[in-house]
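First comes the structure, then the notes that go with it.
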Amino acid sequence: MAEADILKVSILGKESIHCGFHLVPYIAHTVIATLHASTYVLITDSNIAKIHLPAFEAEFQSALQVAQPNGIAPKSRFLSLVIPPGETSKSREGKAKIEDFLLLHRCTRDTVVLALGGGVIGDLVGFVAATFMRGVRFVQIPTTLLAMVDSSVGGKTAIDTPHGKNLIGAFWQPEYIFIDAALLETLPSREFSNGMAEVVKTAAIWDEEQFAALESRHTEIFAAIQSPSQNFSGRTKKTRSAAQELLLFVIVGSISVKAHIVTIDERETGLRNLVNFGHTIGHAIEAILTPTILHGECVSVGMILEGEISRQLGILSQVGVGRLTRCLKAYNLPVSLSDPRIANIPAAKWLTVNRLLDIMRVDKKNSGDEKKIVILSKIGATYEPKATIVRDVIIAKTLSEAAKVIPGVPTKNPVKMATPGSKSISNRALVLAALAQGTCRLKNLLHSDDTQVMMAALIELKGASFIWEDGGETLVVQGGGGSLSVPHKGKEIYLGNAGTAARFLTTVCTLVQGPGETTVITGNARMKQRPIGPLVDALRANGSTIDYLESAGCLPLSIAPQGLKGGTIQLAASVSSQYVSSVLLCAPYAAEPITLELTGGQVISQPYIDMTIAMMRTFGVVVSRRVDQATGKLLDIYDIPRGVYTNPADYNIESDASSATYPLAIAAITGTTCTIQNIGSSSLQGDARFAIEVLQGMGCTVVQTPTETTVTGPPVGQLKAIEEIDMEVMTDAFLTATVLAAVANGKTRIIGIANQRVKECNRIRAMIDELAKFGVDTNELEDGLEIIGKPIGELKKGVSVHCYDDHRVAMSFSVLSTVISDTVIEEKRCVEKTWPNWWDDLENKIGLKVQGIELDSPVAEASGTVNADADASIILIGMRGSGKTFTGHLAASRLSWTCLDADAIFEEKHQIGVRQFVHMHGWPAFRDAETVILRELLATKSKNHVISLGGGIVETAEARDLLKEYAHKGPVVLIMRPIDEIVAYLGVEAARPAYGEPIEAVFNRRAPWFKDCASHEFVNHVGVDTSIADKKGTRHEVIRFFKHITGQEPNLAPNLAPGKRSYFLSLTFPDVTPALHHIENLTQGVDAVELRVDLLSDSFGTSIPSVPYVKDQIAALRRSTSLPLIFTIRTVSQGGAFPDSAQEEAFELLKLALALGTEYLDVEISLPEPMIKELVRRKGHSKIIASWHDWSGEMKWDGPVVKEKYAVADRLGDIIKIVGKAESLRDNFTLYDFVSEANSKPNAKPIIAINMSGMGQMSRVLNETFTPVSHPLLPTKAAPGQLSFAEIQKALHLLGQLPPRRFALFGTPIAYSMSPTLHNTGFEILGLPHLYELHETAEVGESIKAVITAPDFGGASVTIPFKLDIIPLLDKLSPAAQAIGAVNTIVPLRTDGTNPILYGENTDWLGIRHCVHSRVHDGSLHAALVIGAGGTARAAIYALHSLKAQTIYIYNRTRSNAQALADEFSRANVQVLDTLDSWPSGIVPPNVIVSTVPSSATTTSSEPGSLHLSSNLFGYKDGPAVVIDMAYKPAETALLALAKGAGDNWESVRGLDVLLEQGYVQFELWTGRKCPRNVVAERVRAKYAETVV
Ligand SMILES: NC(=O)c1ccc[n+]([C@@H]2O[C@H](COP(=O)([O-])OP(=O)(O)OC[C@H]3O[C@@H](n4cnc5c(N)ncnc54)[C@H](O)[C@@H]3O)[C@@H](O)[C@H]2O)c1
C-alpha cells in the first residue's frame, strides 16, 4: 500500500477520524484490516460514482485479493450500489431501496457499509446501517466539505418525510470517518462555499484563532481546491503543498471543535446546541428558499441575523458582526436577505417576519413556545454554553426592514459615547503603523472592507503583523519599519472594490525591495475600471517600473521591487487627493528626500491632504509645505524628509465627526446632554465644527475640549433658527441641521451645500420631500435650502420616511422621530454604510426604544395593466411600403372602426401632395407639419380609429415623444416587413417623395426609433410572390392580431374553462417552417401551439436564436394556424436548451413575444422578480403561465416546496404550471391530490401539473389544463413521457374518464349520407371512443325519442324531412336556429352530469356562410340570389344577411312560399323574383348564388316542369363571385356545370363542401374539439367518389 500521512482526530474517546489526501488505498486497507466482514457494501450517488467509484472498487478488490493470497477467491465480497443524487433520495423510499439491495444480496449482520458522498448519502446510509439487522457497522467517506466538517461527524443520521427534513433518524456512530481532502477538488465551487459556512460557524462559536485564519486566508483556501493535485501529491507530508496544509488545517480545526462538542454532549442536551449557531433563523429561511438557495447559504444569512440579535441585546459588539460579515462574504456566501441571489427569486417575497417566526416555532431546539438562539458574545465564544431563549419581539426587530423610534427622554442621559472610527483616519493609521517601527495599539478602528483588505495586503507584503485584543476592539500592530517583501510567487494582492486601499497600496508596493519578481495588485471588475493613471504616471516618471496587466490606467498593476527613488515627483492632483496622500505616506522611505509638486490646477479636497500630513507628524515625520516668499501664499509643493515612522504606543482613531452629529442633535432636540469622546477642537475633520457652529447657534450649550465635545440642548421646543449658515466645510452634516431647523423657532437658511445634490441621492430634494410629509415648508436655494420651523406639536405624526438608501437621511430623520410619534424610518439597513449598529446604539447607549416595523410591500399581481381603454385608437407606424395601408384597412373593417391615413389628411389640409410640399418647402417643414397633424389626430381621433402614419414620422424627437406617451394609452403598432420586400414594392410606387438615400440606410437609421416608440409589432409578409394560402393566412393574422391586442376578441383557448380539458402541441423543431405543411395534422385536437423558443436555432451551434429569426418563425406559424401560441423558453436546468445564465436575452425575447401579440407566455418563476413584474405589466390581453420545473426530482407533491412554488406562481401568473418528476406511480396520485386540493379553493386559477418521466405518463392523462402533447410526426418529444392527443383520449376512455357516446343522423332517405364517414373519421383520428350511426325513420316518433333520451346520447344531425318536426322534442334553440326556424344539429348539454338539456342548433347557415365568406370578402357582397324556399333556403338567407348582403333575391317555383320567406326575413331586404331568365332592369346582378333545390328539379335546356337555369344568372363580371349548390348529388349539378362558362371571377362550391363545413362545426359542438379537417375531408371525398357517380 502507498504510504500516507494521516492526521487523526478523536471523537467519543476513539481516534476514528482520519484525515489526509488521496486516501483511497489507505481506506481500503484500514477497513479490511480492522473491520472484518463477509461483505463490504459501498453506497454512493451517481455524480460521485462517475468520478470516484472506479478507484474505490479497484482498491478494495485488490486489497481483498491480497488478504487472501495464493489465488484462492477472497472470503469477503465487495459490492457497490449507486443511487440518484439529491435530497429526494433521503426518503423512506430511498432507504427501502438500499435495504432491499442488502437483503437481495444476502448481507448479514457482519456487513460493513461504506457511505461515499455528501450529507445526503451520509445521513441516509447511516440510518440504514442503524436499523439494518438491528444495526451494522458503517464507515463515512464524506465527499463534500459540508459532509466532512459537519454531517459525517457526530453520528446523526436521518431521512426526510413530506412533513419536514430529518424528522426520522437515529444517532449511530460510524466506525471511521475518512476525510480525504483531495475529493474536494472535484466538488463544484458553490458546494465548497456551502460547506465553508459551517467551517466559519464552528470557528465563530469556539475558536478565534481559527476564525482569524479563515478571515485572512480565504484566497489561499479557495486556491487549494481549485488547482488539482498531480500524482497523488499531498498523500505524504513531503509532497504536500502549503495550500494543502492550510486546507487540512482548516478542515481538521473545524472537525476537532465539532468532535469535542459531540464527545461532551452526544445527544444534544445543551452544549451541542451551539453548533446550531445561525441555524434557527437559517433553517426558517431555508424552508422558504429551498432548493434554490443551499443550506450553507441560508445559514450564512442566519448567522449574520443572529449576530445582529446578539448585538441588539448589547452582548456582541459591532466589531464581531462586522468580522463575521466580511469573513462570510469572502467565501462568496450571501450575508443578507437583500443579496441579489436571494432577493431576485420570487419565493423571497415570502420572507416576511411573521412567516419566519412561524417556521421557527417548530424548531427542535425550542422549549415550548420560546425560541432559542445561539448568542455570540465575541468571535470565538458564546454567551452561554447552550442556546439562549430570545423573545419574539427581539427577533422581529432584527428581521424587519423598517424601524420606529419611540419618542421620549433618553434614559442614559447624560449620554457618553464614541461613534465609529473615521474611515479616512483608519486607513491612514493602518499604513502609518505598519510602516513604523515598534508596536502601536490602534483603538476605535473602523471595520470596513477597506481596512480589511488593507490589513490582508500588509500581511501579504510581510510589512507588519496584526493581533486583535479586547475581542476585536483594539488592533495591535507590530510595525515592520518599512521593510516589505514580494509576496509568494504567483500570489496576487486582491483588493476587491476598496478604493482607498488600492490608491495607498500602489505607492506602498513601490517600496518593496527584491528578491522576487514583481508585486501584483488587483481587484474586482468594478475596481478594474476605477482610475489610477495619474499616480502611476508620477511614480513611473520617478523611475518605478509599473506595468498595467489589463487596461491602461487601471488595476491590475505589476510593480517591480526596486524601492522608491525619490527626488522631485510631479503629480496631477485634480482627480483625487488620495494620490497625494499615497505618495506622502510612503515618501520618507524613498532613497532620496522627496519634493512633491502638485500639478493640474485646482487641488481637490485639501483638508484630506492636511489630515495626512498631521497624522504623519504624530508618527514622527514632519512635512513642510512651501510658501511663496513674495506673496506669502501657500504653494502646492511639499518637502518630505527621509526617515522611519515611530509608532506611538496607542493611537486613538478619531470618531467619525459626521456620525457624531446625530447623538449630539438628539441631545439638542430632547433637551438632554451628550458627550462624544474622541472628537474635539483638535479634530482633523471638518464636521467636528458642527457643535459649535450649528448647535450653539441654535441655543445649545456646547463645551469642547481638544478631544471631547459635550452638548446640552435647551428645553424641548426651544431650539432657535439660524438665519443663515454656510456649511461648506461640513456638508455631510447639513441633513442633521435641517431636521433640527424643522422644529426651531423661525427660518433657517443653509447654504454652501450644492454638492449634496450628487451624493447617495439628491439630498436637498430628499430633505424637502420628506419634511413636507411632516407638514414642514421649505424653499430650495441654488446652493442650499431654507427651512421654515414649526412648533413640535404642529408636525404631522405617523409619517413614513423614505430613505433613498442613504444612511444620512435615515439617521437624521431618526433624530426628528425622537420627538414626533409614530415616525417610521423605512429601509433601516441603509445605516450599515457608516454606522451599522446605529439602532442598537440608540437603544443601548442613548436609551431610546426602537421597534421593528414590517412594511406592506406592494407585490406584483397577475392582473397587469390591460389598456384601460379598449376603444383607444390604434396607431400604425413603419417604413413606407411595409403594408400600413393594407393592414390598417383590414383591421379597421374587422374592428368596425374608421381607418385614417395621415398622408391623405395632410394632402387634404394643405391642398398639395406630400411630394410637392417637400419639393417646395423642404423636409424639415414637412416634418413639422406632419407632427402638427399627429398631435391633432391624437387629440381628436383618440377612439375607434386605426391611424396610419408616414414612415418618417419617427425622424423628429417631438413626434417620437408624442408616440411614446400615447403608447401608455393605446397600441402603437410597428408594421414590419422584410426590407427586400419593401425595396421590391417601392420600385413600382411613385406617389411619395423619393428618399434620396438607399432605403436600407433609412431603415437602419429609423429601426431603433421605431422600436422605441412601438408597444406592439406586426410582421407583415405580403410579398409580391407569396402564395394565395399565405395571403389568406396574412388576412387571418391581421384580424387575429388586432382583435387580440384591442381585447375585442382575445384569441384565447375556450377549453381552458373549468371542467374542460385543454391541450397544446409542443413544437420542437429548430426551424418550424418545414413542418407547416403538416400543421393541420399536427394540431389535431389541440387548443394551442407551443413554440419552444429555446429549441429554435438559426445557425448551427448557437444556443440562443436571434430576434429576427424568432420573429420570422412566429410570423410563419401565424400564417399557417390561427390557434393561440404559447411562447416558451426553457433553460438547461429546466430541461431545455437555453443557457441558464442568459436571463437578459430570455427577457428580451419574452418582451418581443408580448409585442407580437402572443397569447400565452410561459414565464419561469425563477426569473428575477423585477423582470416578471415587467412582463406582467406589459401583457395586455395575453396570459402569463407562471411555471416551475423541478428537473432534479427533489420536489414532492405532498412536501412544502410545491406549496411555496404554487403560491408564487399563483401570485404572478394567470395559469400555474408545476412540473415535477415521478419515480413511482404513487407520485402521480400525490400530484392528483395536490391539484384537487388546489382546485377546490374558490377562484382557483387553472393549473398545469405534470410529472416528467415514463412513470409520470399517468399525470399527463389526468391533467386537465393545457396538457402538453406530442405528435407522431414530430422529430422528438419535448419532454420524456409526453403522449399524443389521441393516446391521451384513449387512456382517458380506458380509465372511465371519457365515456363513449352514440351519435345519430335522423332523416330519410339517408343511406348514402357522408355524415357517418365524416364524424367517425374525426373520432378515430382524435382517439375518441364515440360512434355515429344512421337512424332512418319515416317520422319523428318514439324511436327518435328513445335515441335522444338514452344516457349515452352524444348528439344528432337532422336532415330532410325532419328539420322542423324535431323542434318540439328539444328543450332550447340557439338564436340562429330560432331565426331560421329549422334545426339540423342536436347537442345534449350536460351541466350537472345527469339530465342533459337538448339544444337545437343550425350549422347549415354556418357552412354556407363560411363558403361564401372565404371567397367574397367583407363589404363586397352587394347582392345575392337564393334559389328555393325550404329549410335550407332559410339558412342561406340568414347566412347572407349576417354577411351584410345589401339585397337578397329569392326565386321559388311556388312564388307564395318565396314571398312568405321574404316577409319573415323582412330586415334582410329580401326581394322575390318572378323569373330567373333575366334580371330586373337597372340592377347589378348578384355576386353570390345559393341553390337549395335538388339538382333533379333543375334543367339547363327547357324541360317543362323543371326550373330553368340560364347563363344570365352569372351576369356579374366585376369582381369575386361564388355559386353554391347545396345539392350534393350528382357531383356536378346542372347549375355548377353552367357556372363553368361563367368567367374567371366565378368560383363554384359543391354541396359536399358545404356539408363538410357544417359537419366540422357540428363535430366541434359535440366534442369541444376542432375536427381534423384534412383527414376527414380526404376520407369523405373518397367515400363520395365510391358512392355517388
Ligand atoms: N447529519 C448531520 O449532522 C447533518 C448536518 C448538516 C447537514 N446534513 C444533511 O446533509 C445534506 C446536505 O449534504 P451536502 O451539502 O453534502 O449535499 P449532497 O450530498 O446533496 O451533495 C451535494 C452535491 O454535490 C455532489 N458531490 C458530492 N461530492 C462531490 C465531489 N467530491 N465531487 C463532485 N460532486 C460531488 C453530489 O452528487 C450532490 O449533487 C442535507 O440532507 C442535510 O440535511 C446533515
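The backbone N, Cα and C atoms fix where each Cβ goes, and this holds for glycine too.
Automatic, uncurated: that is what TrEMBL annotation is.
TrEMBL lists His279, His295 as binding Zn(2+), and of Glu198, Glu208, Glu370 the one it places in that same site is Glu198. Listed stretches 81-193, 195-366, 418-842, 1305-1386, 1421-1497 were compared with the domain 'SDH C-terminal' (1551-1581); the greatest number of C-beta pairs under 8 angstroms is found for 1305-1386. The Cβ of Cys830 (active site, for EPSP synthase activity) has Cys803, Asp805, Asp806, His807, Val809, Ala810 as same-chain neighbours under 8 Å, each 6 or more residues away in sequence. Cα of Thr885 (ATP binding site) to Cα of Lys1217 (active site, schiff-base intermediate with substrate): a span of 41 Å. Neighbour counts were taken at the CB atom with a 10 A radius for the recorded positions His283, Lys884, His1189; the maximum falls on Lys884.
With respect to their backbone Cα atoms, Gly881 (ATP binding site) and Lys1217 (active site, schiff-base intermediate with substrate) stand 42 Å from each other. Listed active-site residues near Met879 (ATP binding site): none (candidates Glu268, His283, His1189, Lys1217; Cα-Cα distance within 10 Å). Secondary structure at His283 (active site, proton acceptor), taken from DSSP and collapsed to helix, strand or coil, is helix. Between the domain 'Enolpyruvate transferase' (418-842) and the domain 'Shikimate dehydrogenase substrate binding N-terminal' (1305-1386) there are fewer than 3 Cβ pairs closer than 8 Å, counting only pairs 6 or more residues apart in sequence, which means the two stretches are not in contact. Among the recorded positions listed here, namely Gly878, Arg880, Ser882, Gly883, His1189, His1189 has its C-alpha nearest to that of Glu268 (active site, proton acceptor). In the three-state DSSP reading, His1189 (active site, proton acceptor) counts as strand. If you draw a 10 Å sphere around the CB of Arg880 (ATP binding site), it holds 20 other CB atoms from the protein chains shown.
Of His283, His1189, Lys1217, all annotated as active-site residues, the residue with the shortest Cα distance to Lys884 (ATP binding site) is Lys1217. Using a 10 Å Cβ-Cβ cutoff, Thr885 (ATP binding site) registers 17 neighbours.
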